[in-house]
Each structure stands twice: as structure tokens, then as C-alpha cells.
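The structure appears below as C-alpha cells.
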């Protein structure tokens with residue numbers, strides 16, 4: 001299993017994702033610079049967190065125009081597994097791979113804390129065998145308030161594409177307590193604001209995010 005880790009100017013969680021995939025899970029991982037083509041031999045792609053392009057204009061808005069995004073869209077449309085974490089979720093929304101947008105937190109403050117999310121909806125590449133489970137992992141964002149129009153929210157709910165929901169209410173004001181959603185032809189594109197990459201080793205105090213990487217790597 002070979003996983004590509006996209007890297008943009010301002011990414012800072014690409015190393016975390018690389019470490020988990022390669023050193024914790026024992027799979028092959030390679031960085032993919034935003035100006036390069038997506039290697040054809042990849043089995044999955046992770047769009048990591050960080051502050052791509054310094055979050056100028058809007059989170060993910062500039063990264064959406066990076067050359068690698070066209071290849072990412074093609075990869076996703078062919079059913080390739082794509083996981084977007086935090087800023088990666090924002091980028092996937094800006095690129096049109098997932099519906100909706102991530103707005104400023106309702107508190108207008110940066111939030112960094114552990115949260116518990118519940119796995120819901122239909123199975124995806126990162127939630128195989130995890131339905132109904134609660135996972136605890138950190139969030140660290142200022143723009144994690146998921147918003148979509150009521151029709152889109154109803155469609156996501158009806159199609160089972162609300163993949164993760166905050167337990168006890170969304171700390172950022174996210175609509176319907178949504179923490180993550182899926183898209184793509186086979187629910188193969190998943191975006192979420194919490195960081196499974198920061199909850200995959202005992203030394204960090206949390207290992208429940210490791211279950212998501214185990215599902216992704218099959």
C-alpha cells in the first residue's frame with residue numbers, strides 16, 4: 001500500500017501523516033509537492049492539515065489552484081481513496097470534491113482541545129468496521145464551522161454521507177454537529193476537522209485515530 005501525502009506551502013501536518021503511515025502503520029508513504037504530478041502508483045492520498053498558503057483569502061482557497069489538485073480530482077473520480085484532515089478538509093471543499101464550506105468558529109476563537117466524535121453513515125475507506133464507535137482525538141482550528149444550505153445537509157444525511165459527528169455538540173458551531181463527511185463516486189473522499197494523525201501513538205496519550213489509518217491501509 002503506497003500513500004501520497006500532499007504538501008503545500010504552509011503545510012505543517014504532512015510530517016505527522018507521513019510518520020503515522022510509514023513508521024506507525026508500516027506502509028509506504030511519499031510526499032507529493034503541490035507543483036508536481038500525482039504519481040500513478042499511489043493507492044491512497046492524504047491531504048494534511050496546516051495553513052496552506054498562510055490561509056490567505058480563505059482556508060484552502062489558494063491551495064485549490066495548485067497543479068496537483070487536477071490530478072487529485074481525477075484520482076478521486078476514479079474511486080481512489082482520499083482523506084482530508086483539517087486544512088485538508090477545507091481544501092477538498094474548495095476543490096469541489098466535497099460540498100459545503102468551513103467557516104470561522106462560532107466563537108471567533110482558535111480552538112485546540114480533544115473532542116470525541118461518533119462514526120456514522122455508510123462505510124468509507126477510513127471507517128470500515130468502525131460504525132457506531134466513538135473516537136477521541138484533537139481539533140486545532142479557527143475555521144472548522146461546517147456550513148451548507150439545508151438542502152445539501154438533508155441530502156448528506158439522507159445518503160449517509162455524514163461520516164463523523166461531534167459527541168456532546170460541536171465546539172465550533174458546525175451545522176448538525178458535523179465533524180466529517182464523504183463524497184466521491186463510492187464515498188471514497190472523506191474530510192474531517194479532527195486530527196487522527198495526532199491520536200495514533202500511545203506516547204501522545206491517544207491512539208484511537210490509528211483505527212482510521214488501519215482501515216485506510218486495509
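Glycine is no exception: its Cβ is also placed from the backbone N, Cα and C atoms.
Marked as active site, nucleophile by Swiss-Prot: 86. The active site annotation in Swiss-Prot covers 195. Summarising the annotation, Swiss-Prot assigns domain 'Glutamine amidotransferase type-1' to 2-218.
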Q. When neighbour density is defined as the number of other C-beta atoms within 10 angstroms of a residue's C-beta, which of the active-site residues 86, 195 has the lowest density?
A. 195
(Q) Whole-number answer please: how many Å between the C-alpha atoms of residue 195 (active site) and the residue listed as 'active site, nucleophile'? (A) 7
(Q) Within the domain 'Glutamine amidotransferase type-1' (2-218), what mean pLDDT does the predicted structure show? (A) 97
Q: Sort residue 86 (active site, nucleophile) into helix, strand or coil using the DSSP assignment.
A: coil
Q: Translate the DSSP assignment of residue 195 (active site) into the three-state scheme.
A: coil
